[in-house]
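Novice: I grabbed these lines from TrEMBL:
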DOMAIN    7-410  domain 'Enolpyruvate transferase'
BINDING   K22, N23  phosphoenolpyruvate binding site
BINDING   R94, R123, P124, V125, D126, L127, D309, I331  UDP-N-acetyl-alpha-D-glucosamine binding site
MOD_RES   C118  2-(S-cysteinyl)pyruvic acid O-phosphothioketal
ACT_SITE  C118  active site, proton donor
Amino acid sequence: MDSILVKGNGPLKGEIPIAGAKNACLTLMPATLLSEEPLTLTNAPRLSDIATMTQLLQSLGAEVAALQDGLVLALSSHAIDNHRADYDIVRKMRASILVLGPMLARDGHAVVSLPGGCAIGARPVDLHLKALEAMGADLDLRDGYVHAKAPGGRLKGAVFEFPLVSVGATENALLAATLAKGTTVLKNAAREPEIVDLARCLRRMGAQIEGEGSGTITIQGVDRLHGATHPVVTDRIELGTYMLVPAIAGGEVECLGGRLELVGAFAEKLDAAGVSVTETARGLKVSRKNGRVRAVDVTTEPFPGFPTDLQAQMMALLCTAEGTSVLEEKIFENRFMHAPELMRMGARIDVRGGTATVTGVEKLRGAPVMATDLRASVSLILAGLAAEGETVVSRVYHLDRGYERVEEKLSACGARIERIRGN
Ligand code: UD1
């Protein structure tokens, strides 16, 4: 297994191009299953999760070609000859459940393994299933698989209110509703930019959708969808992560392609901590306003609130801030696994349930640490950039699921970072 070696070496300066969003791409790719015509996605990120989704779609009979060094994905599902998504692929990535809605909507049946994914809490898929049931699906859970059928071969429009906001369940229901008979109204829907991006792509394919980005999405089902070309929205989590580089290490970084509307709540917290964020013609320019950053309290919430996927990285920053910060994790239980690793680097963190109290220290110290999940792994790299001495982050396969070319992007700003190849 590969590791990453980081040596803290002071202020970093440069430009970092931000890729297309992993989480948007993972929901856009299954949209191919809704149409017999080709779907082309541009601005795709080059990540192992995208390779896993490619493999899953191919196992169902879809054609997926990565062009232009992976930046363009050409997908075609003119023949879906297998309606079973196997455990062997699905267990690698939770977003695999997103093939369920489209297959069921297009062909009236599907069998999908229950997913695995990051070890950040129980993460059930009950809301995905409830929304599809509301659209008339018959579901049977056996042998670790969901066996789904639409009576008469087609889902029906329905009014469904999510009991809690779920990004994935909103996406699955939205994908399925495009081909259902009649109108579907999704209430208490997730409002994340990735949902807005999915709705835009589906509209390009001929779907009739209104209200994406608000809590109520209305979908008028159509008989068929056609081909389209769609650019994947910028990755707001990758953006937020690299915005933290000059905040934690000093210096100035321009995140190319970044927009404030994608990271509003996060940028407000940075501002309160003493980090300046300015919109430029090319993206977002970030630097500290003056010396050390200050403590701020953070609570994770569904969009437009502070994203849970930036909590670990923000904690790394607050470990070096002046004063005491309180971080509350409201989306996932058990998402502070990075805290003990940061403590190995000298951080002072007290975790009680879903609350972490962080007392900033002047300086972190390099140490061998272990990546426990995707966002935790990058938080340790950020901490390493600000630490005295060497940090070795092991188990970086988590990192490769969600961040492309990290070493390259950070080295370009002057960071001393390299990958140590394992076996
Ligand atoms: C997506 C993102 C993930 C992000 C999360 C929250 C992708 C591929 N992943 O995950 O990076 O951290 O949104 O912003 O887009 N829940 C249920 N039942 C369900 C579904 C969810 O109880 O059927 C719960 C979850 O356990 C969690 C909360 O709802 O506590 C929110 O989860 P959800 O928004 O569904 O996250 P994902 O779509 O899995």
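Each residue, glycine too, has its Cβ placed from N, Cα and C.
Any TrEMBL annotation is an automated prediction that lacks curation.
What does the local environment look like for each feature on the list?
Specialist: Listed in sequence order, P45, L47, D49, I50, D235, I237, E238, R401, G402 are the same-chain residues six or more apart from K22 (phosphoenolpyruvate binding site) with CB atoms under 8 A from its CB.
Cβ neighbour count for I331 (UDP-N-acetyl-alpha-D-glucosamine binding site): 22 (other Cβ atoms within 10 Å of its Cβ, all protein chains included).
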Novice: Using a 10 Å cut-off, grab the number of neighbouring Cβ atoms around the Cβ of V125 (UDP-N-acetyl-alpha-D-glucosamine binding site), all chains included.
Specialist: 18
Novice: Can you name the residues of this chain that are 6 or more positions from L127 (UDP-N-acetyl-alpha-D-glucosamine binding site) yet have a C-beta less than 8 Å from its C-beta?
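Specialist: Non-local contacts for L127 (UDP-N-acetyl-alpha-D-glucosamine binding site): F162, P163, L164, S166, A169.
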Novice: In whole Å, how far is R94 (UDP-N-acetyl-alpha-D-glucosamine binding site) from N23 (phosphoenolpyruvate binding site) when you measure between their Cα atoms?
Specialist: 11
Novice: Count, for each of the binding-site residues D126, D309, the other C-beta atoms lying within 10 angstroms of its own C-beta, and report the residue with the smallest count.
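Specialist: D126, out of the binding-site residues D126, D309, has the fewest neighbouring Cβ atoms within 10 Å.
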Novice: Roughly where does the domain 'Enolpyruvate transferase' (7-410) sit in mean pLDDT, to the nearest integer?
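Specialist: Summarising the domain 'Enolpyruvate transferase' (7-410) by its mean pLDDT gives 95.
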